[in-house]
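To keep things clear, I will list the structure first and then write my remarks on it.
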Amino acid sequence: MPNDSVLSLFFFVTLFTCLLSATSHDDHIFLPSQLHDDDSVSCTATDPSLNYKPVIGILTHPGDGASGRLSNATGVSYIAASYVKFVESGGARVIPLIYNESPENLNKKLDLVNGVLFTGGWAVSGPYLDTLGNIFKKALERNDAGDHFPVIAFNLGGNLVIRIVSEQTDILEPFTASSLPSSLVLWNEANAKGSLFQRFPSDLLTQLKTDCLVLHNHRYAISPRKLQYNTKLSDFFEILATSGDRDGKTFVSTARGRKYPVTVNLWQPEKNAFEWATSLKAPHTEDAIRVTQSTANFFISEARKSTNTPDAQKVRDSLIYNYKPTFGGTAGKGYDQVYLFE
C-alpha cells in the first residue's frame, strides 16, 4: 500500500510538471506574422522605370464572331474572350477599341493604354482596315515620341500589318494552313535581345522545333523570299520563325520590327489555352500551354516599359470589365466566349 501511494504521488507530480512545461512552451508559440519584426522585413525593390499596371487595347472585329447566331445588330463587333484572357494571364487589363466608334473616342482610349493587340478574323477592307491602319500609325508615332508602345498582331491582324507596311494590297500569297497545328523553324534572329522567343525557356524552344505546339489558322501569308525582297518589309521587319503549310510551302510565321516593338504572329497562342471548339485542332498539351503563357509574358513585359500612366478612373470606366462575355460555343465551333459591342 505504501508503494501504491508513492507511485500515485510520483504520477501526479510528473503530470503537474508536464502541464507547467506545456504552459511555458505555449508562451513561445507565434503566428507567422509574429516571427519577424516589421522593421526587419525587406523585399527586393521593383524597377521604378516599369509600369506594373499595364493596360492593353484590343481592336474589335466586325460581326458577332458566330456568323450571326449571337447578334444580327447593324454595326455589331466583337472580341473573342480568349484574347482578353491571354492578356490577363500576362498581368494586364484590357480596354476594347471599338473599330466603328468615333475617332475622337478611339483616340481617348488610345491615350489610356500601354500597347495594342490586333486579332484574327476575316475583314480585310473597309472601315475595319482603316481603323486598324490608323491605330498602327499612332502606335508608331507613340514610339517615335519616346514611349515604348508595343503592338502584337495575330493571324489576320498580322497579315494586315504586313500589307500596311508593304503598301501593297496584293503582297500576300495563298497557303493551305487552316486549322494547322505546327512546329516552328527558328531563325538566328529569334535569339536577339528583346525578341519574343528570348522569353521562352530553352527546353520549350527545343520543343517548338520538333513538336506541334502552335496553331495556324489562315489561308494567306507571305513567303520569306517575298518579305526579304520587298524593301519596305525587309527594312521594317526581321524574320524570327517560319513554318510549312500542308503542301510543304514555307511562310513567315513570326516577324518583329527592327526599330519598333512590333511582333507579327501568324499562329494564335490564345487558342492553346482558351479555345475548345471541336472544329479546331489547337494543341492543348502542357508545353502548348507554356507557349501561350510565354507569349503573354513577353507581350505584357513589353507593355510594362510604357511610360503612359493615365488617370485611374478613366481607365476603370473604359475597361472590358464593364461588359459581359457571351457563351457562343454551344455548337462546338467558333469561339467559346465573345464580348459583343452593339
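Every residue gets a Cβ built from N, Cα and C, even glycine.
Feature annotations, reproduced from Swiss-Prot:
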type     : residues : note
SIGNAL   : 1-21     : signal peptide
DOMAIN   : 45-342   : domain 'Gamma-glutamyl hydrolase'
CARBOHYD : Asn72    : N-linked glycosylation site
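Long-range Cβ neighbours of the residue listed as 'N-linked glycosylation site' (same chain, at least 6 residues apart, Cβ-Cβ under 8 Å): Asp64. Classification of Asn72 (N-linked glycosylation site) by DSSP places it in coil, neither helical nor stranded.
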